[in-house]
Amino acid sequence: MASSGGGNTGAGGTSGLGLGLGLGLCMGEATGDAEEEAAAAEAVGRLATSLWLRLRGWEAVLAAAQRLLVWEKPLHSLVTAATLNGLFWLLSSSSLRPFFLLSISLLTYFLLDLWHPRFLPDVSAPPPEEPHSDSEGAGSGAQPHLLSVPELCRYLAESWLTFQIHLQELLQYKRQNPAQFCARVCSGCAVLAVLGHYVPGIMISYIVLLSILLWPLVVYHELIQRMYTRLEPLLMQLDYSMKAEADALHHKHDKRKRQGKNAPPAGDEPLAETESESEAELAGFSPVVDVKKTALALAITDSELSDEEASILESGGFSVSRATTPQLTDVSEDLDQQSLPSEPEEALSRELGDGEETELAPPEDLLSAPPALSKQALDTEEEGAADKETLLQLSSPLHFVNTHFNGAGSPQEGVKCPPGGPVETLSPEAVSGDLMAPSSTLSPQLCLAESGPVTLLSPSVLPSLPQDSPQALTAPEEEEALTTEDFELLDQGELEQLNAELGLGPEMPPKPPDVLPPPPLGPDSHSLVQSDQEAHAVVEP
């Protein structure tokens, strides 16, 4: 166990040592790279400072040369380019020797150095502490969008150091791989020899001169980016067209292969070759249409409303949905309240009215002489009548016929009293209860009496009860609320006058305080009494 623990400890120590060495090497490489970068920056700074010290009197000349190269003033730049082109072709076409050209160049440099103090002012420069700062570039006479002398010196220094680095790498590659270096140099020289054989050297020199003159213009105005922006749509269109043509050729090639595989035997006639696809292939692209579904979709589409019709219905208070029936909204509720009952409601009211008459038709023995009804029978009849009235109120619309306001309060002379007794013999409770029935109960019968011929009403509408029967039937609270809303209240004087006209004396039992006095008998009430009399006359024989 101890030995195994020792082995594990040794393995852990070895791995830790390897990890430490790896980290040390990485840190050493990072430190070496940082030191190299710092040394390169220091070398660039020293070279830029030395160049700036030598060119500190040429700031104006360098600024003018930059303005000419970037074509800031097109006329001056055009004259300069024409002059340089003329000199180049003059020297190339002359028969002068190279030594003569070299001597002329040295003489020109000597004259410029001699005449510099007279024609070009001496511009004093600040001490070269930070030659690459913007403030010094602005004070050196250059424009803000052009390179100042310190910036130009810095770019030149960086270019020179980059060239030196590449030269050192090339020499190192030559020492390490001499055979590869020799092969590459020989291939490069052969390419230049072939190019010089087909293209004259003077033309190559002219191309180099034009590149030096036009390259600052291209970089300064970003002509390459602008040209690419304008040519990009054309290039994309060309690319798509080439892809389409390649796909078409590939498709034709595949088609020919398939036709070659499916070729008929030698005895059969060859089929006609066409550019279109076969019917089997084209049938795969055509959709399968169901006739029934298509007809149903067309019918639904034809039944839909147009946008104009939908807007008209919506403006009139109808909520319109596509392929549905227009429905009334809350805006048209006032129209429903003012409109007459519809045909289904009238039919329902007729059926309920007929059913009530049929159910309430008394037998013959009850029409002859009204026997004394017990209290229990009266309660049963009262509950049945209340249920039927509630059913009529729920099923039929509410109609109000104010015919009791048209009469003068007294019966007409031509009206005959029923044989069972005159109208005065009826108890005021029965008369008031019968005449003050809810409008929902009397509305179907009154509508039928006014619209069509007079029909015989059952005696249950106006029952002829004896005077001494204690039938002070009290209506439900809902009936009292309806009668209170439908009829106006009468004062005590009018109530006494009506009692005197009806022949009711003070010996009559007092009325309940909640029951209203009977309204005056109008023509409708007389018609009801007459119909009751005719019913009795028909039953008695």
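Backbone N, Cα and C atoms are what each Cβ position is placed from, and that goes for glycine too.
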Self-check item: Candidate set Ser140, Ser339, Ser527, annotation phosphoserine, source Swiss-Prot, matching residue
Solution: Ser339
Quiz prompt | Swiss-Prot annotation, phosphothreonine - which of Thr9, Thr274, Thr358 | solution = Thr274
Quiz prompt | Annotated phosphoserine residue, as Swiss-Prot has it, among Ser319, Ser342, Ser349 | solution = Ser342
Practice problem: Would you mind listing the long-range same-chain contacts of the transmembrane segment (199-219), meaning Cβ under 8 Å and 6+ residues beyond its ends? | Solution: 66, 69-71, 81, 84, 88, 92
Quiz item: Any residues 6+ beyond the ends of the transmembrane segment (75-91) with a Cβ under 8 Å from its own?
Solution: 67-69, 101, 205-206, 209, 213
Exercise. Give, as a single whole number between 0 and 100, the mean pLDDT over the motif 'LIR motif' (485-490).
Key: 56
Exercise. For the compositional bias 'Basic residues' (250-260), jot down how many residues DSSP puts in helix, in strand and in coil.
Key: 11 helix, 0 strand, 0 coil
